[in-house]
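To start, the structure under review is shown below, and the notes come after it.
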Amino acid sequence: MFRILTAGESHGPLGSVIIDSLPAGLAIDIDYINNELKRRQHGYGRGARMKIEQDSVEIYSGVRFGQSTGAPVLLTVVNRDHNNWKENMSINKVQASQAVTAARPGHADLSGALKYGRDDIRDILERASARETVLRTAAGALCKLFLQEFGIKIFSRTIAIGSINVQKEIRGSSEIESSRLRCADPDAETEMIKLIEQYGEIGDSLGGITEIIADNVCIGLGSYVQYDRRLDGLIGQAMLSIPSVKGVEIGPASENSSLAGSLVHDEIFHDQEKGFFRKTNRAGGIEGGISNGQPICVRLAIKPIPTLKKPLHTVDIKTKQACSAQKERADVCVVPAVGVIAEAMLAIVLTNVFLDKFGSDSLLDIKSVFKVYQSRIANGK
Ligand code: EPS
């Protein structure tokens, strides 16, 4: 079974990820993986931490002479900021540093400290931190390389930051990649940057909406036969596991909920050249828990991050006295970064269901099974 497992604290020496059951024979392009990490770090509204880190991977297993071998792949990413945290993150017992006791509303701080019985919230926030998503992005980059072998490409773009919405329908373009907010609407981008500046000045944070699209996905990934094999369910779980993501929609789901069924469902057509096809994609590429050959479209509602320079009211977990929440250095807006992380999560989910359908040991074998399947589908059977 394909799976990934990460380890590492935000200010620990490094993060690591094991990618288990990646098929053998995949060309591993380290520059591609590092570029994905760079894309995740990019984005106006990130805090000072992103000026310290220059994320890049080291590969320790599962790759030989530039190709995956089928063995578990171990990737690591160093936290440069660890140099400033050596004492505070010591593995060995040292003189205790100042414990964090003021829980931040909206973070894992209070529930985590109570659940794990810790009296220093740092034990919670170090692992709950979104720093962990650098490792998912690295694993997702390998999955993207795998999916590209079958023509599947994944994009993301910013749709809204705070109350400012993008008006243009552009995706996967160089404009998005060069935009500071992954947004190809320069007017909206200017307004968004102003808003992020304003919120940064007053010590507040901003959320938004991002869209992720997978193009050229074959028909038949996922299944309706069990609840935990439904592709939309798997995507929902993966997306909601990204810190700050609080809502997921497949296709224009909220809009569909207020329309008549006759206006929502994508009618089916057939001709010699195209085979079965649709003229619309209101299902967002998934029907009955299975990919239907249309682009998979996912939108995410992202909450404003909970670490605020303008702290909220809370309680000290030690003294139980009212106080202000812990002030940590923080980002103002993470919407562009979430887009890149969500691309990685979609790639991880699609790789999983793809390997489930077409086998998982050798890229060569998977390609031949895929070819036979594609010709059966092309014959409409
Ligand atoms: C994060 C807080 C900030 C973010 C961090 C996530 O880190 P710090 O507390 O060191 O300033 O920058 O994100 C990353 C380090 C990253 O690589 O994305 C949090 O509390 O979740």
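Every residue, even glycine, has its Cβ placed from backbone N, Cα and C.
Some features that TrEMBL has for this protein:
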type	residues	note
BINDING	Arg40, Arg46	NADP(+) binding site
BINDING	Arg127, Ala128, Ser129, Gly288, Lys303, Pro304, Ile305, Pro306, Thr307, Arg329	FMN binding site
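Feature annotations (TrEMBL) mapped to structure.
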residue: Arg40; record: NADP(+) binding site; Cβ neighbours (10 Å): 27
residue: Arg46; record: NADP(+) binding site; Cβ neighbours (10 Å): 20
residue: Arg127; record: FMN binding site; Cβ neighbours (10 Å): 18
residue: Ser129; record: FMN binding site; Cβ neighbours (10 Å): 19
residue: Lys303; record: FMN binding site; Cβ neighbours (10 Å): 16
residue: Ile305; record: FMN binding site; Cβ neighbours (10 Å): 23
residue: Thr307; record: FMN binding site; Cβ neighbours (10 Å): 21
Are any of the binding-site residues Arg127, Ser129, Ile305 near ligand 1, with a Cβ under 6 Å from it, and if so which?
Ser129
For Arg46 (NADP(+) binding site) and Arg127 (FMN binding site), what Cα-Cα distance in Å is obtained after rounding to a whole number?
19
Assigned conformation of Ser129 (FMN binding site) - DSSP reduced to three states:
coil
